[in-house]
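A.B. asks: One structure coming up, written as C-alpha cells, with questions to follow.
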C-alpha cells in the first residue's frame, strides 16, 4: 500500500478580496496520504488536523511548488504527473507542502456575488483588489471567465462612475494578459461592445484605457478584427448612428486636442483594416469612415504643420492601404500590417495586367473619380467611364456578377414574396443600365447593333429565351465578342438542346425527367421550378445576332439565383475567352446616353410587365410539380397495399361465388341487403391511413399515370352538384346490383392501374370552389377521398388533416375513413345508422310481429327484416371465412381477446333452427366432421353486427396514439407456428447467432405456404356476453366532504355543482351541458327564501304533532342500512336534484364518485315494497331521510341501467387511456431496442468478456443475466463488471449513447401489469355490450331523442375503439413474441416470459449503465480538460503570437536605418519582458500566496510576493507590458515582401472616397438621375 507523507498547511481565503494572508501554520504538520484512495475521502482528515476555518464542502488541495490544484475525486497515483518535482529539495532546506484552501469556483462565486451586491467604499475596495487577485492566482482568471465574470464586470461598470470604470478596465487588462482570459474575451462579444462604448466616454483616462485594450485585442489575432467590427456595428446600430461614430468623434477632436488619443484611435482603425481577410468587409468599414468624413480629417492633419509624427504615420498608412486596395498602381506598397485581399478574378485566361482589377470592387472615391474625368487613366482597364452609372449601381452589378459566378450551376428559383419580386425588378433595371453602359464602351461600329438591341428585347423571340445563370453572368461584359466565342462557354455549361424552348405563355408541361431534378432540402419547396422546355439552351450555331438579341435578357438573372447560401467564392477560368480586349472599352461616344437611356427604360417597363406574368405561371407550375412529388410517394405506397388486398379479395370472390350457388334462388333481396352489399364491397377500396393520404387531386395527376379506384366504388370527380344525385341513385339500386357487388369488387381491384383523365384548369377551379363550399358537409358525412378539393394546396390538405384529427380525438370515429368512392360513402352512412338502430333494438327474434314492435319501424315488412338478418349473418360468415386462412395460424388461447366467432355462432344458430330461411354457410359441412361439439350460448343479432363491425378493415388510431404500423402480418403469432413444428420430440432449437450487428427480427414463418383450410367452428368461438356483468366498483377516496350541514337545501346543491374535469374535454357531446340556464334560479333570492320558509314551517308542524310521543318519521330500514344511506347523502345533492341529474345524464350535478355512491344505495324490490306499504299505512307521517331517498330513486325508471351506462360513459376515456398508452409504449419500446446500436455494443462486449472468462464460445445469453452484471466485481480494484464493460464500450464505440435515454418506452412499460391490462380490455368489451342493453332498456321509457342519439353515437364510437384496441393488443403481443425470438430467447420459454419483468430488467440495467457511463466519461473528460488546461494555464499573451519575446527571423529582411530602429525596439521589448517576467513568474506560476522569508538564511524566498514591494513591482510590470504592447502596435512595422490578398466577393467595388472624390456637375447629376438623392450630397 503506497503512501505519501508530506507537510500540509491551510490558506485562509474565505474572503477572496483579502490577499494578504499567509499559509498557516508556520511550522506545518505532516500528513500521510494513501495513494490508492481518492483524495476526497482523505480531505476530512487534513481539515481536522489543521483545524482550518473553511467549510469542508468548499475545500480543495493545492500544491505549493507549482500552484496546481489536485482532483479530489482521483487518487494521488492517478495524478502522478502533477507531483513531479514536489518532493525535490529546494536547496534552501525548505520542503514543499500541500495547501488546503477554498475551491476556485467558490471563490469566484464569492467575488461575483460581492461585486453585484456591494456599493460605495466596499465596491471600490473590491474593484481595486480585483487586479491583484488575478495576479495572485493564475487559475482564477480561467474560472472567472467561465463563471460569467465578464458579464458581471460589464453590468457593474455600466452603472458606475469613471473611477470605478478605470478599476474595472485595469482588472480587465490583467485578464487579457492571460491566454485564458483573452480567449474568454474573444468569446464574449458583450465585453468588446462595452469597450467600444467606453471609447465614447467624456473622461480621457477611460477612453485611453479602452482604446489600449481594444488595440491589444485586435493585435492579438487577425481573426479578432471581424469581431470588433461586429461589436461596433451592434453598438452604433442600437444607438441609431453610423458605425465607427465614436472613433470619428475622437479624430474630429470634439472634446479637445489629445494627440495620444488620436494616435490610438487611428492605430485601431489601421489594425482593424489590416486584419480583414476579404475585400467586402474592408470596403464596408472604409466607406463608413468616408461617410463620416475621415478624408477631411486626414487631409487636415496631413497638411497641418507640426502634426505628431506617429499620428502622421498612421494617416499615411490608411491612405496608402486605401489606394492600394483600389488598385492604384502609383500607390506605395502597403506596410506589413496590411494585405491585399484575394480576388477571384473572372478572366483567368488573360494576362496579368488584364486580371489586375478587371472585375473588382473599388472604393467610393475611385468610382466617381473616373466618372468625373473619363479621359484620365483609370486604375482598372475595365473600369466604367460613362456617366450611365449610379454609384449604387456599381455595387449592385458587382453583387450580381459575383452571385452568378458562384452559383452558376445551382437550380433556378423564384423569389419568395412580392417584396423580393420588386427588389428583383429593381435589380433588373440596374443590370440593364450596366449592360447599356458596357455596350456603349465598345468601339463605334458596335454602337448601332447595341442600340438596336434595345428595341428587340420585347420581341417574341427574345421573350421566349431565358438565359441560365452562367450565361447571364457574362452578358453585361460581352462588348464586341462574336457569337461563337460567347457561346463556347455556354456549350460547356449547358446540356445540348434539341431546339429552342417554347414561350412561357404556352400550356405548361412537365418533363418526363422530373425525377432526376436536384432538390435542396433546406429551401422551401415553392422556390423550385423545373421548366425544362422553358429554359433556353444556347447552341453553337447562333452568331452575333443571337448574342445581340439576348443582350438584355438577363434582367431576371438575380431572381434565378438559389436562395441557398453559396459555399464560397470560386474562380471561373472558362470566362476568359468571353471578354473583349480591355483597350477596346476605354472610349465611348457620349451622345447615345440620353436616347439609349430612354429607350432602355421603355423596354425595361415592358419586359418587367411580361416577366411578372411569367412569374405567376411559373409559381403555379411549381405548386403542381410539388404536389406531383407528394402524390407520387403516396401512390407508390398505396399501390403496394392495393396489390396485397387484390390477392385477398380474389379468395373472397371465390367464397362469394360458392355461397351464391348454394343460396336459395327464390330468396328476395330487400333494400337493406343492397346497403349491406355495398358495405361488403367497401374493403376493395384503398384505406388511407390518414386524411392527408387521399386520392390524388386532378391537377396533381398531370403527366403522371395514376392508378384509379374501382369504377364501381368511385365515380369520376365532377362538380360537387353531381355528388348527391349519385348518392341517392347508388343507394337505391335493386337486387341485381346487390348481387353483382362482390364480383365488381374484384373487377375494380384489377382495374386499379388505369390512368385517370386530366381535368382542364377551368374544371379544377370550379371543382375547388364547389368543394370549399361543401367542405363542412363532406367532413360531417365522413367522406374521406372524393370530398377533398382536387386543386387544394399542400397547406390546405394539412389543415384538413388537422381538423379531421381533432374530430377523431373527440371520439367521432367512423369506418368511412376507409372508403374512397361515392358508393362506399352511401353504404357507410346507411350501415352506420343501421348499426346503431340494430344495437338498440336487436334481440332474439321470435315472430315477425314482435320484430316490428321492438324495432319501431312499422314501414318495414317481415320479409325485409328477415332478409336483412339473413344477409347480415351471411356477410359475417363470408368475412370470417375470408380471414380464415391467416386466422388459422395465429389462434392462441387468449380467451376473451379472440374477437372472431361468427362462423361457429352462425352454425350453431343454423343447427338450432333459428335461421330457417337464411343462407346456408359452406362451413356447416365441416361442422359435421367435428365430433363432440360442446354446446354454447346463442348470439343475439347485436353480436352478429358487432362481429361484422370487427371484420371491416379500419384505421388503427386511438385518440392521438397511432397504431397504423401494426399490419396484418402482426396477426400471426410465431409461437403458434413454431409449436406446430415442435410437436416432435427433440431438443429445443438454438437461439439466434449473435447480437453484434443486431440483425432485424426473423420474418414470420409459413408466409409462402398454402393457407390451411378454415379452422372448425368450436375453435373459433368467442365468449358470449349476453347478460350484464358485475362491474366491481372500487371506492375512490374523496377529500373533505363538500357539505358540512345536515340540512338538504337547494343552496347546498348549488355549491356541489361544478364542472367535472374528465379526459375528453373537447368532446362534442359535452357542449349541451351548460348550466347557465340554472343561474336565474341561483340568483333568485326571493324563491330561495320562500322554499326555506316553507320547509321550516313544515318542520315545526311535525314537531307539534309528536306531542304524544309517537315516532315522527317512518323508519323501515335497519339501522346499519339507514346510517350508510344518511352518511352517503351528506356528500350528495338533494334527492330531487339527483333524480333530475340521473334522468338527464347531467355530469355537472353528479360526478363519477357520486354515481358510484348511488350504485351502492339502489333499493331492492323488497325495500321498495316495504316503504310503499308503510307509507300507505301511515299517509300523514313523513318518511325518514333514508326511506325518502330510496323511494325517490325507485321512482326512476331503469335506475340500474341508467347508472351503469352513465358510469361507463364517464369512465371510458380514462380506462381506454390506461389500456392504449401502455400498448403504444410497448410497441415503441420494441422498436427502440431493435434499432438501438448501443445495446448491441454492450451485449457484444459482455459476450466477449464472458466467453473469455468462461473459456467457451457461446453465441448468446439470456438477457435476464443483465440484472446480475452490476453485482459482479473484479478482485483487484473491486470495480463492477458493468464498469469495465462501460469503459470498453466508451473506448471502442465513441458514438455510443447512455442507452437509458433512448429506451424511455421500455422504462414506462416496466411499470405496467400487462395481465391486468388484458383483463381491463375484456372488461371494457363486456361493459360496452352491457351498455347497449342498458340503452335499449332506457329507450323503452321516456328519453329525449337528442340524448338517445348522442348516447347511441357514443356507444358506437366506443365499440369501434374497443375493437381497435383488441386488434392492437393481439398484434403487439405477437410482435413481442417475435421480438423475444429475435433477442435470443428459446422458443419453448417465450410464453413464460413476463413482459413487465423483461422490461424492468432492461430498464434497470440501462439506468445502471447510464450512471456508470457518466462516471467514466467524467473521469475521461477531467483528464482531457486537465491536459488542455495545462497548455494555457498561467500562460501570458506575451509568450505566444505577435507578442512573444523571440520571433523567428525572416529569411530576407531589408537592411537599413528602419531595420536598425526595429531591431533596437525588438531588443528593448525583449529586455522589458525579461525584467518583468521574473516578478510575474514568481507571482503567477508559483502559488499565489504570501510566505515569510527567513532572515537568517540571507536568501530571497521563492515566495517573492512576501515582500512589501512586490505589489507595486507586479503592478508596474503588468502595466509596462501593456504599454509596450500598445506602443509596438502604434509604431510603423516594416514593409512586407509579398503583400497578402483579400478575398473579393463582389466585382468593381471601389472605396467611397474614390467614387465621390471630385463630385458631379449639375448636368451629369441630372443625366444620372441623382438630383436630390443622398449620393449627390455625399
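Placed from the backbone N, Cα and C atoms, the Cβ positions cover glycine too.
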A.B. asks: According to Swiss-Prot, which of these ranges is region 'Disordered': 831-858, 859-886, 887-914, 915-942?
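C.D. replies: Among 831-858, 859-886, 887-914, 915-942, the range Swiss-Prot annotates as region 'Disordered' is 915-942.
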A.B. asks: Going by Swiss-Prot, point out which residue in 26, 345, 556, 574 is annotated as phosphoserine.
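C.D. replies: Record says 345.
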A.B. asks: Based on what Swiss-Prot says, identify which of 330, 413, 794 is the phosphothreonine one.
C.D. replies: 413
A.B. asks: Looking at Swiss-Prot, which of 376, 432, 580 is flagged as phosphoserine?
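C.D. replies: The phosphoserine feature in Swiss-Prot corresponds to 376.
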A.B. asks: How do the residues of the compositional bias 'Basic and acidic residues' (599-651) split into helix, strand and coil according to DSSP?
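C.D. replies: Residue counts in helix, strand and coil order: 53 helix, 0 strand, 0 coil.
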A.B. asks: Per DSSP, how many helix, strand and coil residues does the compositional bias 'Basic residues' (1420-1434) have?
C.D. replies: 13 helix, 0 strand, 2 coil
A.B. asks: Suppose you look only at the coiled coil (597-645); what would the mean pLDDT be?
C.D. replies: 81
